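Engineer: Once you've had a glance at the structure underneath, I'll fire off some questions.
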């Protein structure tokens, strides 16, 4: 028996080993195909490392720089990043930190050399303590932490290395100059390689990510509404092995905060490289990302309506299918229009975007007014005594039907008196669901919640339109043209107002 188990494990291991090369090749191909810039960046790093390695490989260069050449190699490995902004941020921080640390260490060494060896040792120890304490405390300042943390760390590291080494090395100036030059050469190679050979701009990545997020939200809304009004009843069971396209579309929006802030920080270090040479409005993109996340939370709630325990019958859902699908379609078109304006770098026209949305809202309002008995209470003038009696009879029949099903079970199917705590916890949600479905308005509650969430998305869309409009103004996007006329009034704001009281009164 143990031998059989060992043979099975061995065969399984051999099968996995045979499949591994193919799996690894497919994974490598997928990573490169998703973003070809990754392969280009890998080639740039390899070429840069080969270039700085010549300081070791070529005898004339090695005689001039010596063992300090390792600092150039280390700098290329650490500094060369995927985007220009990240490389500039690290390269300039590393270069400035090294230069300041070398200068300060040389000044301290010049002062300490004037006195005896004992004083020199005490002075070096005290300076290391003072600089280490003050530099570490400086890193807690938010602005320093955000923009210059890497430079402060390099300053502290370089100062300690040079200061401690100076106690055993006579020519401290040569040591500081050698390391500074090598780090400068490494940083310079990284910056030149990043700027002039297939550059990847952080600002462009932030711009494209914003477009992708807006389009993802549009696709999620359209898919949610289409699925909700589908002929077939949506299932409550969630298969975790399958990817939900609705979730995948808005997931990037919810997880984008740290990515947006990082790209915006790196974009602030990049030179103006666009055709118009306008300053990149990185902080405005961050604000727009925050508004999109706020809008995305509403999409999450709308998506949750597809897995509710209490369902509205399909016959009732079909009463509001057409106006809801039209409203969702108009919201989707508006988001796609906003994404297109950002992609083409032109200002949007709020009037054109919201005009059809307002009409779709009116159609939904009319559909709600045509079915007042679904949402109004017993005291409503629309509820006749015959209607109230029918609703009451239906609710009573539901509850009695559930009770009869529980009491007419066969003795073998009945639970014993001594029910365990685990079984009680399983039974409680079922009993609660039976009680809820016996309520008078249980069938109308899910559709009412869904409609409220859909209307809430329309209200939140206004905030998105305002931020996109502000982005176009700050980034100096092209003015919107319609039929040869230029829309100059970009300061106008439109608000989507919904008369909720009219839904309740039917007026």
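Count begins at 1; order follows the chain as displayed.
Cβ from N, Cα, C; glycine included.
Unlike curated entries, TrEMBL annotations are predicted automatically.
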Engineer: Of the ranges 69-89, 90-110, which one does TrEMBL list as transmembrane segment?
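Structural biologist: In TrEMBL, residues 69-89 carry the label transmembrane segment.
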Engineer: Do the transmembrane segment (118-138) and the transmembrane segment (69-89) share at least 3 Cβ pairs closer than 8 Å, excluding pairs fewer than 6 residues apart in sequence?
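Structural biologist: No, since the transmembrane segment (118-138) and the transmembrane segment (69-89) share fewer than 3 Cβ pairs closer than 8 Å, they do not count as touching.
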Engineer: How about long-range neighbours of the transmembrane segment (181-198): same chain, 6 or more residues beyond its ends, C-beta under 8 Å?
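Structural biologist: Distant Cβ neighbours of the transmembrane segment (181-198) are 37, 40, 44, 47-48, 51-52, 55, 65, 68-76, 79-81, 83-84, 87-88, 90-92, 94-95, 98.
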Engineer: So what's near the transmembrane segment (150-169) in sequence-distant terms, Cβ-Cβ under 8 Å and 6+ beyond its ends?
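Structural biologist: Beyond its ends, the transmembrane segment (150-169) has Cβ neighbours at 89-90, 92-94, 96-98, 100-102, 104-106, 108-109, 120-121, 124, 127-128, 131-132, 135-136, 138-139, 144, 175-176, 179.
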